[in-house]
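Visitor: Quick one: the structure is below, questions incoming.
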Amino acid sequence: MTGKITVMDHPLIAHKISYIRQENVGTKEFREVIGEIAQLMCYEATRDLKTRDVRIQTPIAEMTGKTLDGKKLAIVPILRAGLGMVDGMLSLIPAAKVGHIGLYRDPETLEPIEYYCKLPADCGDREVFVVDPMLATGGSSVAAIRMLKEKGVKHIRFLCIIAAPEGVKRMQEEHPDVDIYIGALDEKLNDHGYIVPGLGDAGDRIFGTK
Ligand SMILES: O=P(O)(O)OC[C@H]1O[C@H](OP(=O)(O)OP(=O)(O)O)[C@H](O)[C@@H]1O
Ligand SMILES: O=c1cc[nH]c(=O)[nH]1
Ligand SMILES: [Mg+2]
């Protein structure tokens, strides 16, 4: 089994990603637009959520409408940069619980180092949306999803704004059951593990730390 890979083709998403790639975009704007992209990607990534019929009364008539059904949802950002996507996601799925996984990539080895994990107690019963703007080598997302599976989570989707082919391949090899939603699929990684052309360090650009 191989998870579904969806590369966004919506013009608004393409436009906003191109905008924030530019090196002269400042922290405030970068953070705001990351949130807008996350909101648009959430819309696409929730397209197949289950619904059930519900009888409702409008001011004019009774009718059969739709309401969300199936598993409850959770959003799990990979810290830090994933935090930039949480509010955009919550704007569309406000009842979702939010867990946090703290990982940073060792700049020399590029291996993910874990420093935090706090998840909803019932996360094993939820459909989980893992969010991180960048999928580079795949080390961080592979590790985060492994941590979730160890806690019993079975239904996982991963949303990233920019991905490198190397990371997508690694995710497919290690987590073939996870559907991946990608804002833009870039060319490659450079010698330091940065995505080319990418947008630089997403965490630093969201929080203004460089
Ligand atoms: O696919 P990978 O090779 O693992 O790289 C991607 C990871 O690197 C960045 O985090 P970073 O380590 O810079 O931490 P930060 O979010 O705290 O800046 C990014 O937000 C991903 O989590
Ligand atoms: O290009 C990259 C790669 C990893 N992390 C980032 O923030 N950017
Ligand atoms: Mg970073």
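Backbone N, Cα and C atoms are what each Cβ position is placed from, and that goes for glycine too.
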Visitor: Among Arg55, Arg105, Arg157, which residue does TrEMBL name as a further 5-phospho-alpha-D-ribose 1-diphosphate binder in the site formed by Arg80, Asp132, Pro133, Met134, Leu135, Ala136, Thr137, Gly138, Gly139, Ser140, Asp201?
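Guide: For the 5-phospho-alpha-D-ribose 1-diphosphate site that includes Arg80, Asp132, Pro133, Met134, Leu135, Ala136, Thr137, Gly138, Gly139, Ser140, Asp201, TrEMBL also lists Arg105.
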Visitor: Say you check the Cα of Arg80 (5-phospho-alpha-D-ribose 1-diphosphate binding site) against those of the binding-site residues Ile195, Asp201, Ala202; which is nearest?
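Guide: The smallest Cα gap between Arg80 (5-phospho-alpha-D-ribose 1-diphosphate binding site) and any of the binding-site residues is with Ala202.
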Visitor: What kind of secondary structure is Met134 (5-phospho-alpha-D-ribose 1-diphosphate binding site) part of, going by DSSP in three states?
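Guide: DSSP call for Met134 (5-phospho-alpha-D-ribose 1-diphosphate binding site): strand.
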Visitor: Looking only at DSSP and grouping its letters into three states, which state does Arg80 (5-phospho-alpha-D-ribose 1-diphosphate binding site) belong to?
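Guide: In the DSSP reduction, Arg80 (5-phospho-alpha-D-ribose 1-diphosphate binding site) maps to coil.
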